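Trainee: Checked Swiss-Prot, it gives:
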{"type": "BINDING", "residues": "Arg70, Ser71, Gly72, Asn83, Leu87, Ile88, Asp89, Met97", "note": "substrate binding site"}
Amino acid sequence: MKQIDLKILDKRIGTEFPLPTYATTGSAGLDLRALIEQPLTVEAGQTVLIPTGISVYIADPNLAAVILPRSGLGHKNGIVLGNLIGLIDSDYQGPLMVSLWNRSDKPFTVEVGDRIAQLVFVPVVQAQFNIVEEFTATDRGEGGFGHSGKQ
């Protein structure tokens, strides 16, 4: 298992709230919690920035992390990430914050310690461009949105 440096910024982690962990051996994401001081109501259409109480330093340029929404929050409550996805570069060392957007028509209350997002580590390839006049032909070619059909 890859070792990643994690800094605890909120002293409630490890006492009141657990360190981020994988729920099962097959889990891809670690749950991130709302480390707020008191419950926070997110009004319909509002976006808020919520601290997670941690920072990570990935260090390995072949890795990055992404902050992704939790499916239940979006499907059941209309709570999604304000920036749709958060990208954490390997050299970033600051606090992990979660932008929550209430896309529903009802207020939603985030409780202290609620699991609000998940953190997934992903491989990174930095590309070097090769300038060409033409691409090698493929069956798809320039076919874009909807090109491959519905069924």
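Each Cβ is built from the backbone N, Cα and C atoms, and glycine gets one as well.
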Trainee: According to DSSP, collapsed to three classes, what secondary structure does Ile88 (substrate binding site) have?
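Mentor: DSSP call for Ile88 (substrate binding site): strand.
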Trainee: List every residue in the same chain as Arg70 (substrate binding site), at least 6 positions away in sequence, whose Cβ is under 8 Å from its Cβ.
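Mentor: Listed in sequence order: Asp31, Arg115, Ile116, Ala117, Gln118.
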Trainee: Is it possible to get the count of other C-beta atoms within 10 angstroms of the C-beta of Leu87 (substrate binding site)?
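Mentor: A 10 Å sphere around the Cβ of Leu87 (substrate binding site) contains 12 other Cβ atoms.
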Trainee: Going by DSSP, is Met97 (substrate binding site) sitting in a helix, a strand, or coil?
Mentor: strand
Trainee: Long-range same-chain neighbours of Ile88 (substrate binding site), Cβ under 8 Å, sequence gap at least 6?
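Mentor: Once residues fewer than 6 apart are set aside, Ile88 (substrate binding site) is near Val56, Ile58, Ala64, Ala65, Val66, Ile67, Leu96, Leu119.
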Trainee: Within 10 angstroms of the C-beta of Asp89 (substrate binding site), what count of other C-beta atoms is obtained when all protein chains are considered?
Mentor: 12
Trainee: Looking only at Ser71, Asn83, which of these binding-site residues has the biggest number of Cβ atoms within 10 Å around its Cβ?
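Mentor: Going through Ser71, Asn83 one by one, the largest Cβ count within 10 Å is at Asn83.
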